[in-house]
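Following: one structure in structure tokens, then a few remarks.
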Amino acid sequence: VALVLFDLMGLLIKYLSTDYSAVELSAYRNVFGLVPSVIALWMSTTWRQNGRKLALRQWRLAVWRGVAVTFAQLLFYLSLGLMAFATATTISYSTALFTTALAVPILGERVGLVRWSAVAIGFVGVVMITRPGADTFEWTALLPLGAAALYAFTGVTARLVDADVPTPLFNLYSSATAAVGALALALVFGGFTQIASLRDLGLIALMGTFGGSAVLCLVVSFRMTEPSNLAPFTYFGIPIAFALGWLFFSEAPFDDLLPGALLLVVGGLLIVYRERRMGRTASLASARRDRQPAGTAFSRAEITRPPGRGPET
């Protein structure tokens, strides 16, 4: 559901971009998208159990994530107005590759040969789609790539959040920051265009609602299962985007997407596969330690790596 909602949001952004700037649409998206964010917080059991507190110790981290979202949206919305819908959307799916790369400096993760190979395969796919150095290369292809890097930053930094913080509360802080940032950017870059009709107003409201509701669906799904179980489904967004671009804009960028899109998907799925294998291995090791008879268990120092070192991946 979230994938369909995100693609429908992108569809409306591309349609509206002929009359409204990307910064305006980003501002509208965030303002209307606050409604589902508030609903998600209100429905949060953890938040109610914590006394419905709105204070957040890591508010600076939430603000920085909101700033990153602001510029990620701006880049992606610009790309939707300048590129084929499916092409811009497909390049944005390189987020998984950037997430793996950014986890090294930000989280201190150790990424092994398998995942670095997956990143390399995925980026070869991105290069094949963008075609740098070719006569057909357009700088606009860098817009969704930059958006993907910023979205990856927000995903990686989310893992720095305290475990007892309700996800909807942290999300609301970031969403509110993104709304303020987008409004500020819109004012800096010429202000707002007068909305031409009630129909446009309805489409703008629908666009923001689609985006906010998609985030709400993702929050719910991530609370129901492991992220690695959901990740493979995200790539269904590529054929959905292709179908929508073909139906509504008569776009069929086969030559631009293939075979690069396939390599991008293979790289992303290989990362997911490796992370799931690592998760199973860690779970089995933990279960074996729990079943060991008393008196035969190794000391903690004997069964763990030195401090600060994660498993080789």
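One is the number of the first residue shown, and numbering goes on along the chain from there.
Cβ from N, Cα, C; glycine included.
Remember, predicted model here, so these are calculated numbers, not experimental data.
The domain 'EamA' annotation in TrEMBL covers 8-130, 140-272. If you look up TrEMBL, you'll see 284-313 marked as region 'Disordered'. Residues or ranges marked as transmembrane segment in TrEMBL: 27-47, 59-78, 84-106, 113-130, 142-161, 173-195, 201-221, 233-250, 256-273.
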Here the stretch out of 27-47, 84-106, 201-221 with the most C-beta pairs under 8 Å to the transmembrane segment (233-250) is 84-106
- Message: Is the transmembrane segment (173-195) in contact with the transmembrane segment (84-106), using at least 3 Cβ pairs under 8 Å (sequence separation of 6 or more) as the test?
- Response: no
DSSP composition of the domain 'EamA' (8-130), residue counts helix/strand/coil, works out to 98 helix, 0 strand, 25 coil
Long-range CB partners for the transmembrane segment (113-130) (under 8 A, at least six residues beyond its ends), listed in sequence order, are 87, 90-91, 94, 96-97, 100-101, 137, 141-142, 145, 256-257, 259-268, 270-271, 274-275, 313
Per DSSP, the domain 'EamA' (140-272) contains 108 helix, 0 strand, 25 coil
Taking every residue in the domain 'EamA' (8-130), the average pLDDT works out to 85
